Amino acid sequence: MSFNISNAEILNILLEGGNLDELTSSLLMQRWLNDEISDVQTGAFLSALRAKGCTGVELSSMAEELLKVCELPVARPNLYMVDTCGTGGDGANTFNISTAVAFVAASCGAKIAKHGNKSASGKVGSADVLLNLGLNLNCSLKKVISAVNEIGITFLFAPVWHKSLIKLAPLRKALGIRTVFNQLGPLVNPLRPNAQVLGVASEDLLEPMGSALLKMGMNRVIVVHGSGGLDEASLQGDNKLVFVEKGKLRFSKINILDFNHENIPNDKLVVSGSDSNEEILKSVLNGSGQKSHKDVVALNAALVLWAAGIEDDLHKGFNKALFSINQGNPWEKFLLLKTYLSSDDLISP
């Protein structure tokens, strides 16, 4: 595909249901980054990509362009790191499960580099609830990176690292639908973690997201689509998984019944706003929360412990995570990170 191809020509390919090759996908993202695509065209591209569905090649190519313009202020930590960032956009209004999972997995020994943002198309994002709990996201990038070594977990606030995409946030919010940027968010962690557990809001995203992460060189990945449409493993029924390991994709499923726990409908995980999210997150992390909340976090944490190489047996990982929750260890991990980041209050290299 020629670099002389126009925006309109690229759009026509998508509108006709065609897939973009690696070069054209990269070019499209470069033009977004260089402000060569208008808001009207952006809306059309986002809608066309959503209607067609993105391929692994399109996603990985666009993600690599975003990572090229995201330079680290210091060397990447020489650690085996895991991310728990998912696509969001499932519309279920559950509490921030993946955020809780990050602290639980860290309390079990995983090194977590959690990439996240404020809400784009949902109600409350991971950054929203962490800010409301007092976590300082306005600190130097060096401090953010060093927290992985010092505490075992860090949070990378996406707009700080991907400033070029801030201008698209109002349009994404106005559209109110899942877009390619929901899919790209989990693929562009600046620390380039070695492994990831990635929740997707649509079953159709399982294969392309797994393929994208495989193409980007991830060691171990689980892409999960939860029963009832959650972008997490749920307690309601069968959860569909794609394992990425040793250069291959493997499809599987898990059900909380396999862990000798009962099925619970997704509406038991729903909250009404950020205040409730804060309360639920804290109660899960300190071990005082509802059984259903603790169980769903432990189930997803088991997936992270597999990705981290800590526990290959998901049943043992589930029990390990649940034990840590009931001991209140994840809340202690959160407080350590909160204290560590509070001593630095200047966004700078």
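Counting begins at 1 with the first residue displayed.
Note: Cβ is positioned from N, Cα and C throughout, glycine not excepted.
Marked as 5-phospho-alpha-D-ribose 1-diphosphate binding site by Swiss-Prot on the basis of sequence analysis: Gly86, 89-90, Thr94, 96-99, 114-122, Ser126. DSSP classifies Gly86 (5-phospho-alpha-D-ribose 1-diphosphate binding site) as coil under the three-state reduction.
The anthranilate 1 binding site annotation in Swiss-Prot covers Gly86, Asn117 and rests on sequence analysis. For Gly86 (5-phospho-alpha-D-ribose 1-diphosphate binding site), the same-chain residues that are 6 or more apart in sequence and have a Cβ closer than 8 Å to its Cβ are Ser98, Pro186, Leu198, Gly199, Val200, Asp231, Glu232.
According to Swiss-Prot, the Mg(2+) 1 binding site annotation covers Ser98, Glu232. Here the Cβ of Ser98 (5-phospho-alpha-D-ribose 1-diphosphate binding site) has 24 other Cβ atoms within 10 Å, regardless of which shown protein chain they belong to.
Positions annotated as anthranilate 2 binding site by Swiss-Prot: Arg172.
Cβ neighbour count for Glu232 (Mg(2+) 1 binding site): 29 (other Cβ atoms within 10 Å of its Cβ, all protein chains included). According to Swiss-Prot, the feature Mg(2+) 2 binding site maps to Asp231, Glu232.
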Quiz item: How many whole Å apart are the CA atoms of Asn117 (anthranilate 1 binding site) and Arg172 (anthranilate 2 binding site)?
Solution: 13
Practice problem: Give the helix, strand or coil assignment DSSP yields for Lys118 (5-phospho-alpha-D-ribose 1-diphosphate binding site). | Solution: coil
Quiz item: Judged by the number of other CB atoms within 10 angstroms, which among Thr94, Asn117 is the least packed of the binding-site residues?
Solution: Asn117
Exercise. Please compare the binding-site residues His115, Arg172 by how many other CB atoms fall within 10 Å of each one's CB, and tell me which has the fewest.
Key: Arg172
